Amino acid sequence: WEFNGSFYQPPAFLMMGIPGLEALHHWISIPFCALYLIALLGNCMILFIIKKTQSLHEPMYYFLSMLAVTDLGLVLCTLPTTLGVFWFNMRRIGFDACLTQMYFIHILSFIESSVLLAMAFDRFIAISHPLRHPSILTKTTVIKIGLAIVLRGMVSLLPIPFLLKRLTYCRKTELSHSFCFHPDIMNLACADIKVNVFYGMIILLTTVGMDFIFIVLSYILIIKTVISLATKEECLKALNTCVSHICAVLVFFIPMIGLSMIHRFGKNVPPLVNTLVAYTYLIIPPALNPIIYSIKSSHIREALLRALWRKSE
């Protein structure tokens with residue numbers, strides 16, 4: 001559609017499901033429902049077990065609780081619009097509602113990245129300074145870290161909705177996903193988006209990018225400490241406490257980096273690939289994290305089995 005040069009802001013956007021497979025949306029919704037259900041039940045279970053088990057009231061599990069709350073938030077942000085598109089073909093989302101959803105999706109993603117960094121720091125302190133670990137990461141310190149993480153995400157992303165509202169848009173209003181992403185909305189504008197691109201890239205590099213670098217540095221220091229341990233058994237025992245966290249980091253960062261690359265450089269990437277990477281990034285980590293921690297953490301597993309045993313009696 002031609003743009004006549006006057007300021008235009010669409011009243012709503014149209015969301016997409018999976019391009020080319022619209023006729024199969026009802027069938028495709030089945031695995032999505034399963035993943036959402038696993039994410040909701042799994043993260044609620046993690047929170048319940050940590051709350052009820054006194055022995056789990058430690059920094060590692062406080063951070064795991066933050067991760068579970070963040071994953072629940074991500075699920076609840078995308079579930080209504082995704083299933084609305086798949087089940088009822090409800091593709092329309094208001095302009096302001098879209099900006100609100102986008103803001104919370106990005107905030108929660110940034111918070112998850114920061115929580116994973118805090119968990120890496122916790123593992124480093126626990127392995128490098130085990131005797132000082134309780135005095136360094138007290139309950140008050142963990143709460144302060146949690147508040148700092150939330151404030152960092154909220155403040156850094158606050159300008160994004162206003163930067164989008166100042167733009168004038170073309171008559172094309174079709175988004176690439178069944179939820180709202182900043183690059184996706186931005187690319188529908190007919191105005192100069194250099195400020196949006198620059199600010200988005202700077203924020204991504206100084207938050208998620210820095211988190212990833214510090215996580216890698218933490219593990220370099222952890223490996224250095226583990227190598228200096230006396231026996232092979234001690235090395236394996238120390239590294240085993242990090243396996244679940246490493247899996248959570250990979251599950252979160254690999255799709256996120258892939259999606260960022262596609263949005264910025266993948267102009268010729270098929271829409272189906274873009275869509276699948278976006279769904280992987282937002283749905284798979286919340287579903288897999290509870291499973292990873294339930295399998296790899298003996299404390300979580302034992303607490304879960306005790307809870308199930310009490311219910312069966």
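Glycine is no exception: its Cβ is also placed from the backbone N, Cα and C atoms.
Under the heading domain 'G-protein coupled receptors family 1 profile', TrEMBL lists 42-293. Taken from TrEMBL, the feature transmembrane segment applies to 24-50, 62-88, 100-121, 142-164, 197-222, 243-264, 276-295.
Summed and averaged per residue, pLDDT over the domain 'G-protein coupled receptors family 1 profile' (42-293) gives 91. Sequence-remote contacts of a segment are chain residues at least 6 beyond its ends whose Cβ falls under 8 Å from one of its Cβ atoms, and for the transmembrane segment (276-295) they are 18, 32, 35-36, 38-39, 42-43, 45-46, 64, 67-68, 71-72, 74-75, 78, 105, 112, 176-177, 179, 181, 244, 247-248, 251-252, 255-256, 258-259, 262, 301, 304. Of the two recorded stretches, the transmembrane segment (243-264) does not lie close to the transmembrane segment (24-50), with fewer than three CB pairs under 8 Å once pairs fewer than 6 apart in sequence are set aside. For the transmembrane segment (197-222), the residues of the chain that approach it from at least six positions outside its boundaries are 109-110, 113-114, 116-117, 120-121, 123-124, 127-128, 152-153, 156-157, 159-160, 163, 182-183, 186, 238, 242, 246, 249, 253, 256, 260, 264, judged by C-beta separation under 8 angstroms. Residues 60, 63-64, 66-67, 70-71, 73-74, 77-78, 81, 93, 145, 149-150, 152-154, 156-157, 160-161, 179-182, 185, 207-208, 211-212, 214-215, 218-219, 245, 248-249, 252-253, 256, 282, 285 of the same chain, all 6+ positions outside the transmembrane segment (100-121), place their C-beta atoms under 8 angstroms from a C-beta of that stretch.
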